[in-house]
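*Asks:* Sending over a structure as structure tokens; questions will come in a sec.
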Amino acid sequence: MRKGVLNPDRDRQIVEHELQETGFSPETEKVKNKNFEEDEEEEDESVEKIFESREVPSWKKQLTVRAFVVSFMLSILFSFIVMKLNLTTGIIPSLNVSAGLLGFFFVKTWTKMLHRSGLLKQPFTRQENTVIQTCVVASSGIAFSGGFGTYLFGMSERIATQSGDVSRGVKDPSLGWIIGFLFVVSFLGLFSVVPLRKIMVIDFKLTYPSGTATAHLINSFHTPQGAKLAKKQVRVLGKFFSLSFFWSFFQWFFTGGENCGFSNFPTFGLKAYQYKFYFDFSATYVGVGMICPYIINISVLLGGILSWGIMWPLIETKKGDWFPDNVPSSSMHGLQAYKVFIAVAIILGDGLYNFCKVLSRTLSGLFVQLRGPTTSISRTSFTLEEDPHASPLSPKQSYDDQRRTRFFLKDQIPTWFAVGGYITIAATSTAILPHMFHQLRWYYILVIYICAPVLAFCNAYGAGLTDWSLASTYGKLAIFTIGAWAGSEHGGMLAGLAACGVMMNIVSTASDLTQDFKTGYLTLSSPKSMFVSQVIGTAMGCVVSPCVFWLFYKAFDDLGLPNTEYPAPFATVYRSMAKLGVEGVASLPRECLVLCYAFFGVAILVNIVKDSLHSNWGRFIPLPMAMAIPFFLGPYFAIDMCVGSLILFIWERVDAAKAEAFGTAVASGLICGDGIWSLPSSVLAIAGVNPPVCMKFLSSATNSKVDNFLKGSI
């Protein structure tokens, strides 16, 4: 739930669902520009001079009961939304604006009521707002990094049956062990970067665009002009939240059977519907399309056209030649293998290229920084508010920086506490995890924990330069290395998937916390309050997210199955990666490996071309990561997203100012309303209440057969 500037690396972060582990993926440039424009006149004076007369509360007073009550409420809301997105397509847009707006609205309403009754003891400050933002990001982020749509669900028998490798080991979800696993692995990353906070934020002056933009959002809320706009945005969000919720409620009445309802409307005809080209009336993905950059939506649509419009129909003609003609459509020895492994090849190619690119930037930037203290890292990073090269005579820079640095260094977190916490949690985790996963030997875990601080630093440093977390890439690296080390005969698949979870949680939370330190630095929030808020939010997420997943798991018996409401596509992808790591490529159908190599190379080539072209032309090159998603799922959600883009495009042409101010609020309302409908729909399913009507679309010929059958049976 972070915001930042628009760039190709961050565009990928929005679409690869794993890269939402930076909290939530960054917002687009239009949202950032909106906040900058709102604050433009104020910043001419200096941001901190605006707040100079307001007392900065101590770190303990920043941690209020009302802040954590609001955070808990919002965490439940956003956990449902993220879980639904995780289990449908895996595309999780930035919900940062929603969290910031709703957090501001709830506490502001609370304090206003107390003020009228004469019971208000502490005003609502930007520091408290930052605590809420941090807590909600940490909590609902577990709904993603917990692996409910990836590595964790990929261990289940339901996913293993689709992959045809049940014998390789399964571990079905259970509320007890999932909560225990998350508590064991989710806190370690927080301690790994605490000693480096001053180096990252003050000495290296890393910009962390998402954290900086989030701070701008919060600062703007607490100015008179920003508060007025925030109230209007909340009203708009609430209006479209209600519209989206009741639209989902209305659609539910017509889903009383398989492939029933508006979500199966054959918009472009039945033949196109067969290849998943249709508009499914999803308010969620229309909203996602309004938030995601245009190039993301176009890339996803192009990927859908390339795969479902061209490749899969052609490969289907090779049935009986390239693969057996008697295997079911879901078999990994048939067409399904091409869908999954070609998508995996593109994801790995794109991930490998960008891993090398970000790592090279990280190492070169670090080398330059260590060589000379006067050399600024900002040459290879994004500049939002701070300019390390600014003249020391600049009153704005000197005053703001001095005040922020003074408050940032005021509350120190002892190094012994961070080191001791890391060692204690690592030792506890090393002892407990082998009992949860007997395939994951204690020495595998020990190796991960020895390497983790270095990788966590690299990830946090790289995020400061590029605003892009590579946690999912480190997780995939763990799948292959630990899986191959364990071997096929010793449970390598489960060991690799479990190791993926351990690694992802460490490096993900490390970059998240460093982003939060940057946000806290710019809002004068104490590092101690940021750390405590992150810990409490993570603890909330370790309980809330498994409970939300469990509700989905118990309510929908077809969860994780292809062509259902919740196919959980990346669970199959992650298990396929683990299978590839322990078995090699011998089990793939004919020509599948050749196609995988080809698309792996094409993904790297497209990235090279995109980065080598001038930004004016490179921004038109599609993103391989985005193109890979519909290879497995189909292009129906891409059509929804493009509809969202079209709505926003027309709105910007008609009234650009209102589109900038309220576009994200409208999109967030659409996403939140449809997402929260998952709660009552799950409860209805558990209670055995079924929709009363099945609205299904048939061809004329099929309809005649059905009519004749019904007449004959009367």
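Using the three backbone atoms N, Cα and C, a Cβ is placed for every residue, glycine included.
The region 'Disordered' feature in Swiss-Prot is assigned to 17-44. Feature annotation from Swiss-Prot assigns compositional bias 'Basic and acidic residues' to 27-36. According to Swiss-Prot, the feature transmembrane segment maps to 67-87, 90-110, 135-155, 175-195, 236-256, 295-315, 340-360, 413-433, 445-465, 477-497, 531-551, 631-651 (among others), an assignment based on sequence analysis.
Help me picture where these features are in the structure shown.
*Replies:* Within its own chain, the transmembrane segment (135-155) is flanked in space by residues 1-2, 17-18, 20-21, 23-24, 67-68, 71-72, 74-75, 78-79, 81-83, 86-87, 90, 92, 95-96, 99, 103, 169-173, 178, 181-182, 186, 471, 475, 479, 494, 497-498, 500-501, 504-505, 508-509, 512, 516, 533-538, 540-542, 544-546, 548-549, 560, 568, 570-575, 578, which lie at least six positions past its ends and keep a Cβ under 8 Å from the stretch.
Within its own chain, the transmembrane segment (340-360) is flanked in space by residues 9, 12, 16, 307, 311, 332, 458, 462, 465-466, 468, 470, 472-473, 476, 572-573, 576-577, 580, 588, 592, 595-597, 599-604, 607-608, 611, 623-625, 627-629, 631-632, which lie at least six positions past its ends and keep a Cβ under 8 Å from the stretch.
Long-range contacts of the transmembrane segment (413-433) within the same chain, counting only residues at least 6 positions beyond its ends with a Cβ under 8 Å from a Cβ of the stretch, are 180-181, 184-185, 187-188, 191-192, 194-195, 197, 440, 442, 445-446, 449, 453, 498, 502, 527-528, 531.
Counting same-chain residues at least six beyond the ends of the transmembrane segment (445-465), those with a Cβ under 8 angstroms from any Cβ of the stretch are 22, 188-189, 192-193, 196, 200, 204, 206-208, 210, 358-359, 361-362, 365-366, 377, 380-381, 422, 426, 429-430, 433-434, 471, 474, 478, 482, 499, 502-503, 506-508, 510-511, 513-515, 518.
Sequence-remote contacts of a segment are chain residues at least 6 beyond its ends whose Cβ falls under 8 Å from one of its Cβ atoms, and for the transmembrane segment (477-497) they are 151-152, 154-155, 165, 168-171, 437-441, 444, 448, 503-504, 574-575, 577-583.
Residues 59, 63, 67-68, 71-72, 75-76, 79-80, 83, 131, 134-143, 146, 148, 173, 175, 178-179, 182-183, 186-187, 190, 194, 413, 509, 512-513, 516, 679, 682-683, 686 of the same chain lie 6 or more positions beyond the ends of the transmembrane segment (531-551) yet place their CB under 8 Å from a CB of it.
Long-range contacts of the transmembrane segment (631-651) within the same chain: residues 88-89, 91, 267, 275-280, 282, 284-292, 294, 296-298, 300-301, 303-305, 307-309, 339-340, 342-343, 346, 567, 569, 572-573, 658-659, 663, 667, each at least 6 residues beyond the stretch ends and with a Cβ under 8 Å from a Cβ of the stretch.
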*Asks:* Six or more residues beyond either end and a Cβ under 8 Å away: which residues meet both conditions relative to the transmembrane segment (295-315)?
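*Replies:* Apart from its flanks, the transmembrane segment (295-315) reaches 11, 14-15, 91, 275-277, 289, 322, 335, 338-339, 342, 619-620, 622-623, 626-631, 634-635, 637-639, 641-642, 644-645.
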